[in-house]
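**Student:** According to Swiss-Prot, the protein has these features:
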| type | residues | note |
| --- | --- | --- |
| ACT_SITE | Cys1182 | active site, for beta-ketoacyl synthase activity |
| ACT_SITE | His1424 | active site, for beta-ketoacyl synthase activity |
| ACT_SITE | His1465 | active site, for beta-ketoacyl synthase activity |
| DOMAIN | 142-218 | domain 'Carrier' |
| DOMAIN | 996-1539 | domain 'Ketosynthase family 3 (KS3)' |
| MOD_RES | Ser177 | O-(pantetheine 4'-phosphoryl)serine |
Amino acid sequence: MHPDVEQELAYTLLIELMAHQFAYPVRWIETQDHILGEVNAERIIEIGPSPILTNMMKRTIASRFSNSDQALNINRHLMSPDNGNPDIYYKYEPTEEPDLPELGSQSNTVKVSGSPAWEVQRPVTASHIPSGPVDEIEDTKVPVSAILISLLAPKLKKDPRAIPMTGTISNLVGGRSTLSNEIVGDLLAEFPNRVPDKPEEMPLSSLSETLSTSHDGQLGKATSALVMKMVSSRLPGGYSLSNARLYLREKWGLPPRRQDAVFLLALQRQPTSRLLSSTDVDSFLDANAAAYFGQENLSIPSRGSVQSAAPAVDAKALLLAKQQNDALLRDIMGVIQGHTAAKNESQDATLQASDSEAAATKKLDMWISEHGDDYAKGMAPIFDAKKQRIYDSYWNWNAQDTILLFQRKLQGQMSSVKELEQLSTSIVNRACGRTLEQLDYIIAQAERDPTVDSGLLKPMQLLRQTCVETQERQPVFINLSPDMAPLTTISSDGRLIFSEIPRALPCSKILSTNEASSIAFPVSRADGVAVSYSPQLTEILCHDLKDSRRSGFSFSGKNVLLTGAGEGSIGNHILRHLLAGGARVTVTTSSFSEKVTAMFQSIYARHGSKGSVLRVVPFNQGSHGDVQNLVKYIYADASWDLDFILPFAAISENGRDIEDLDSKSEIAHRAMLTNLVRLVGAVASQKRQRDTITRPATVVLPLSPNHGLLGNDGLYSESKRSLETLIPKWSSETWGSYIALAGVIIGWTRGTGLMDSNDVIAQAVESLGVRTFSAVEMAANIVSVMGGRFNAECQETPIIVDMGGGLGSVKNFKAKLTSARQELNAYAELKRLTAQESSRDKAYVATDAHAKTSKRLRGRANILLPLPKNLNYEVDIAPFAASLDGMVDLSRVVVITGFAELGPLGNSRTRWEMEESGTLSLEGCVEMAWLMGLITYHNGIDKKGDHYSGWVDTKTSDAICDDEIPGKYLEFMAKHSGIREVEPEISDNGYDPSKKESLIEVALQRDLAPFETSIETAETLKRQHGDKAIVTQDASSGNCQVQLKAGAVVMVPRASRFNRTVAGQIPLGWTAKRYGISDDIIEQVDPVTLFSLVCTVEALLCSGIIDPYEFYQHIHVSQFANCLGSSMGGLTSLRKMHRDRYLDRSVKSDLVQETFINTTGAWINMLLSSSSGPIRTPVGACASSLESLDTACDLIMLKKAKVCLVGGFEDFVEDLSYEFGCMKATCDTDAEYAAGRVPKEMSRPTASSRSGFVESQGCGVQVLTSAELALEMGLPIFGIVAYTSMAADKAGRSVPAPGKGVLTNAREKSTIPNPMLSLGYRKRLLELRRTQIYQNISDHLDILNSEIALFQESETASPGDLKAFRENRELRIRQDAQAQDAEVTFSLGNQFWKSQDAGDISPIRGSLAVWGLGIDDISVASLHGTSTVQNDLNETMVIQEQMKHLGRRQGNLLPCVCQKWLTGHSKGAAGAWMVNGCLQMMNTGLVPGNRNADNVDEKLREHRHLAFPNTNLQMDDIKACSVTSFGFGQKGGQALLVHPRYLFATIGRERYDGYISKRDKRWRKACFRLSEAMVQGNMVSKCIKTEAPYTSADGVAALLDPTARF
């Protein structure tokens, strides 16, 4: 056959094989069987770049055909191009030939143009050899300084030569903290785990030296990304980074690291646009390489040459041909592997791993079979230092406890003397100068208050005296545990009930009744293996026990490791005692969770004393690794060198005898013995390494008298008994200098996890002569052993204390115990049966009337709007009425008559319930379930065919009663509301932080397959890509085929994971449609407008306004203003306008209008209020709501409006979330999860561990009116807006930096009290001015009489004219007088302080004095409290300095509320939510605690006027609140709200009673409307207007007539 025909057939065969491969599924096993079995092929060749199939076939031959091949003498040869080229082509080693002569003019050329693309080309032989590559120069590390400059230059937008190495990052960025954070983030990415603390404050030269010490000389993540970005965006398509490296190596001889240095230079010299050809790239690389050689003083390499008569073959052409050939082979293999890779790789991996997996599986099965699952799980390590919790803010909890003590005593809420004793002891143990100031203030206030019982003063005075006496001493643990005896009773229905009662006899006498010994706790001394009773040590212990109840023991400065401190355990009570004594304790927990850490935090908050510290870490004592890591963690800080070790961790093995020992018994033995010993040894090793022989750690060994005594407890007894062998080892081994041993034989202890099932027989045990103990008693005894003189004796020799209570000395104890248990159970069973029989007898003999049981009443929700608390006029108002009556101009007093919100916790009512109690009431559950769409109201035929009126499940339509709603939906509501993982289903554009979309620019390296599109689209593609887009038109369809060629630049979507995955979204299921808003409006407006519409209607309902047009019965349409603000407005619309429009998605044509921030206010006016008054749209970032409040107050006080809607709104969207994350303003949720935090813990204002705010979304609205209008209409008044102000900061370069401009609200220079601050003084001045006004009226009336007399004499006017003239003039005279009265009242009342000399009276002092209040009357401060480090420090400093400057009394601590721990930070809406919270606080007197403030920042301790409660404080009276907000862009805002009782004191009893009557009537109607709206789903739709309050014909006249009402 002719070679050309063979070649053609081979080509056809290959194509057919590939087509078959593509068209049919891979059947590799059958193929192998056919080739190897049926055909018995011996010569097998694989076509491809690597031997994938032949390797798999080799394993098949070895496993299945090796024996048969040997028997049949079959010799198989498996070949592939990479290892069998000569054999494939039947080429053999040529014979050796003599050296060729010098190359001459011969020229060997091969014609290749006619060869098929797949044909392997033969090498070209040229008569002229080109110049060879240059020699590679020696490699060297990339200097860190070059990397730093490369990172800084593009960020600073400076020439690299203009960046001095002596400068710092902070100086270079010019105060722009965001840019500084960004650069530091790049450094952390470039040099992971090597960047020093605060690198931005180090000179670049020092930073470079520091980083150079451990740098590997290669580019890191940040610079590599910059280089890759340059290659993809500036070099032509198809030109990769590897091409550039190859060019630099071959032409310039540069090794990899020097290539990196050239790329760094290239970053600084990037072309402004993409290079178009490889020639341009070569020039670009040559220029940068030459610059590098010059920079490094290297000689530019020269190439050698070889003379030849033949023309040289272009090396670049050869390289290009090779690259094209390689690309072709990759394409072919890619096609093949695309159809075979999945199965082949799976089979390959299976074959390779089968043997090793089988062996590993066999070994694992054997291990599991021997040890068991419990053992395997029980030794899994859980220690993680990142999850540590540190509690040391005892100073704040002491202030909180002092407030709680006084409030509970004052309100009669102290549950017992024991609680009073505990609180008082805790306060004394933490007393400092601040505590004394606080007590002084409380006592002084109580003495001045005639309503305070004198019996309250005495304990407070005694407490203060004790604090004075103990202020300088160290904290002490005092054993206050009562001596309790067990008591078991049996109820009438046969239930066993365990309780504890005080023992009848003194403790000392009870202890002496032990059968085993006449001494309570005998002490033995160990001498090697010999253990002997020591009367002297026993006596010492007795004295220590007595001292523990008298003077107590201090553990100040002592470091303790405690394992096994679960709730109710002995270790848990030991922890309380140690903290009370001032110890620094590291406690471990094997069940690390939010609940567990909260338990330990509450223990520290109550018992932690001066200097005490509590560290909590996860730890599994069954894990050897955890033991080692725990000890390393402790000794990483030398100040934590241990003084005591209490290894009390234990695992219950109840119910296991020697026939039932299992893997749990083994892991329990490992935890309670093996690893306990390892723990002691690891500590000894650390002390040995540090040569700490003067500070041995005392190990309290938890021994047991139960040496098999009780039985059925697995290996518990063996574990405890084996611990005793440590005692002789103390002297026989070498670690005795570092460890002291105190063995404590722990007797029967009631109420612990190991013994709680036996509590009911404790009384029977004591009847056997055994002393049992409560967990509190046993813990106090053990701590007494640690704290007294007894501990010093342990340092000399191991000691054993027998606190077994005689348990080990009772003969036949198990039998007696079993008998007692049987008797008890038998008696209980008898009573149970008797009770059952008695019940049956009663049922039998009872009459029908008695047998009937009343039907249980079902709980029903009564959802009501908030109503200001009814006040007792004589008690709450009358005391102020005498001085305040008539002292303000009510038309210019601003009051809040209604409020509403939509946020992560639903509306303002459900949010307050969560803030107040942490759960929802029945009403809250029903409202939240309705709001989330879980229930809907049904009135009609139900599923059963009956008529039903009530709530039904939205999904199933099943009827559901109100009281069933919490049980069915509460868990779901809690999961899908509040701060939580971002839920894509309710996020804008389905945003999922785990799949954050972005585009990357890619230059195509090969032609894409053609795709069909329209002519218009084809034209746009051609316009963009030019000759890189080939367009062909299909005449039949009219469409085009477009093919993008290599070099075309396309944007490819990618999904990355963003580490801000938690936010405070509105509750899942919320929809505006539920409020009756139509689909066309929902489709038209931005989501924030929907939020605002709902909140506006609900705020109006809260004001008692069912129809917004009701206002126009009392005011003109020009007197209704809208001041809602936001930081960014319609973010969803902004995203659509920019991103969706760019991506050519469907976007409505009028979208741009929804991006304007003022559009929301416009929609509210167009749909609801139809006002002609001002629309003010404040944009104050996070302070937008307070700026809105400030704007509205100005409008009302200037009489430009009488009603204002105020507040703010904000959305949560992907872009804003990402940008906040880039600024490091929000918390890194990945780091939070790594620290063991759950989403609801991640917003922690004022906490020492806070790390940034958590975003949220929503809206908040208040209705503001003048007090005069509110009283006239009977609107509920929730608070007086006494003062508002906005303030900027100072010169700087950081936009988000928190400012101090709000301090100006306290500006005043005079230290001498201004008499105008006296309400009585101003009242006298006002009365004097009013007398003058009244006299002026009389004078003008006399003049009027004279004028009328003249008219009468002239006889020119009729009597009717004279009468009209008199009436008109008298009216004007009296109106002028009223205006003068209002003006003088305003100047001497509302804003008297503004008329004083500049700086004489501060705005805060003056606005409070208007209502007869002072700086000490501010009862609570609602902080912006974002949970960022700098804001919380700055804001508290501002409030502290205001209080200090204005003379707030020492000890009058101002509770600070940080609402964002619950709601997150909603930016524009945040201030409105805070105002709502303050109104609710004033109405209830409750100050809610920041429950996420587990440990308050030590830096806040210096603010002596402030307190940071993490629990609720019930105050008797909240007179005034301060609200502060700080927004990006130097927006600082502060408002003062005052309780409405002070307003009511200005109007008189009669007017007040009339107002209350109108208010209550209005409130009842509004509540009915709220219920109706929930049932009918028309809360908003019923208020939506289609026409103005006036007819179109009357429109002009209505606007021009100020007296027009509708």
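Each residue, glycine too, has its Cβ placed from N, Cα and C.
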**Student:** Give, as a single whole number between 0 and 100, the mean pLDDT over the domain 'Ketosynthase family 3 (KS3)' (996-1539).
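**Tutor:** Taking every residue of the domain 'Ketosynthase family 3 (KS3)' (996-1539) together, the mean pLDDT is 94.
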**Student:** Count up the helix, strand and coil residues in the domain 'Carrier' (142-218) according to DSSP, in that order.
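**Tutor:** Tallying H, G and I as helix, E and B as strand, the rest coil: 47 helix, 2 strand, 28 coil.
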**Student:** In terms of Cα spacing, which of the recorded positions Ser177, Cys1182, His1465 are within 10 angstroms of His1424 (active site, for beta-ketoacyl synthase activity)?
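**Tutor:** Those close enough are Cys1182, His1465.
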**Student:** Fewest neighbouring Cβ atoms within 10 Å: which of the recorded positions Ser177, Cys1182, His1424?
**Tutor:** Ser177
**Student:** If I take the alpha carbons of His1465 (active site, for beta-ketoacyl synthase activity) and Cys1182 (active site, for beta-ketoacyl synthase activity), what is the distance between them in whole Å?
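**Tutor:** The separation of the Cα atoms works out to 8 Å.
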**Student:** So if I draw a 10 Å sphere around the Cβ of His1465 (active site, for beta-ketoacyl synthase activity), how many other Cβ atoms end up inside it?
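**Tutor:** There are 29 of them.
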**Student:** Provide, as an integer number of angstrom, the distance between the C-alpha atoms of Cys1182 (active site, for beta-ketoacyl synthase activity) and Ser177 (O-(pantetheine 4'-phosphoryl)serine).
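**Tutor:** With distance taken Cα to Cα, Ser177 (O-(pantetheine 4'-phosphoryl)serine) is 18 Å from Cys1182 (active site, for beta-ketoacyl synthase activity).
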**Student:** In three-state terms from DSSP, label His1424 (active site, for beta-ketoacyl synthase activity) for me.
**Tutor:** coil
**Student:** Should His1465 (active site, for beta-ketoacyl synthase activity) be counted as helix, strand, or coil on the basis of DSSP?
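**Tutor:** In three-state terms, His1465 (active site, for beta-ketoacyl synthase activity) counts as strand.
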